């Protein structure tokens, strides 16, 4: 907020349609983040990262539907790889033997709920990315820092409503001493780091090719697997590793395909410009 006010940016500007898109963009971003955090209660973090990163493929699929683009060869290859990866990570009972319960005291139906939340986070994130690119590409007045502030504001509203729900509906008593504990301070540090990660993400999307960003960002899955298997007692089974590898492969295929297509388009544009110059 201080950065936006210092730059004299408008907090909610543009046409009526752009204002509606900004509200939906911040809402989908906050909803995806909430679904991701709720899914942590029911399934492993590495599985959540793998499922949520399918947003790269869903973004391409949605862009094909919305903008009526012709699906590329990379998209047609990446989509089945992603679906196979999701199947291997979730390991449904009708295809696999019973998956070992790595998150203790969680019933199977709640694990399904966790998988649904992770996939929901991926879909809402895909919608959020499309709206984000639409807003910053169609208007020079809408800044990335303003969109970041709107997302943070939407998250704040959701968290305040959650506190009202806990206090007045569930009637949960809150001890103010907990706010002085080391756990709360550590959570505050994690929140600040999360905001920084969001800023870096938006800056990278703005400055780098989306395909390159997707390729480098897929390292999330690898980091989650490594950190989980090293620092926790939760160990990923063979099928989960295959599923993660398939999702990473789909992102790599999609990213390389996008880069090749962009280069071909730029090459054709240069050839046309050269021909026009020769004619002139």
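The backbone N, Cα and C atoms fix where each Cβ goes, glycine too.
TrEMBL entries are annotated by machine, without manual review.
Look at TrEMBL and you will find 13-90 tagged as domain 'EamA'.
Listed by sequence, the residues of this chain that lie at least six past the ends of the transmembrane segment (21-42) yet keep a Cβ under 8 A from its Cβ atoms are 12, 14, 48, 52, 103, 106, 110-111, 113-115, 117-118, 120-122, 124-125, 127-128, 131-132, 134-135, 142, 147, 150-151, 153-155, 158. According to TrEMBL, the feature transmembrane segment maps to 21-42 (among others).
According to TrEMBL, the transmembrane segment annotation covers 74-92 (among others).
Long-range contacts of the transmembrane segment (112-132) within the same chain, counting only residues at least 6 positions beyond its ends with a Cβ under 8 Å from a Cβ of the stretch, are 21, 24-25, 28-29, 31-33, 35-36, 38-39, 41-43, 47-48, 51-56, 58-59, 61-63, 66, 86, 90, 106, 147, 202, 205. As annotated by TrEMBL, transmembrane segment applies to 112-132 (among others).
Within its own chain, the transmembrane segment (144-165) is flanked in space by residues 1, 3-4, 7, 9-12, 22-23, 25-27, 29-30, 33-34, 132, 135-136, 195, 198-199, 202-203, 206, which lie at least six positions past its ends and keep a Cβ under 8 Å from the stretch. The transmembrane segment feature in TrEMBL is assigned to 144-165 (among others).
Marked as transmembrane segment by TrEMBL: 177-200 (among others).
Annotation source TrEMBL lists transmembrane segment at 212-231 (among others).
Annotation comment: TrEMBL describes 237-260 (among others) as transmembrane segment.
Under DSSP, the residues of the domain 'EamA' (13-90) split into helix, strand and coil as follows: 63 helix, 0 strand, 15 coil. The average pLDDT for the domain 'EamA' (13-90) in the predicted structure is 82. Tertiary proximity for the transmembrane segment (177-200) is limited to same-chain residues at least six positions away from its ends with a CB under 8 Å from its CB atoms, namely 148, 151-152.
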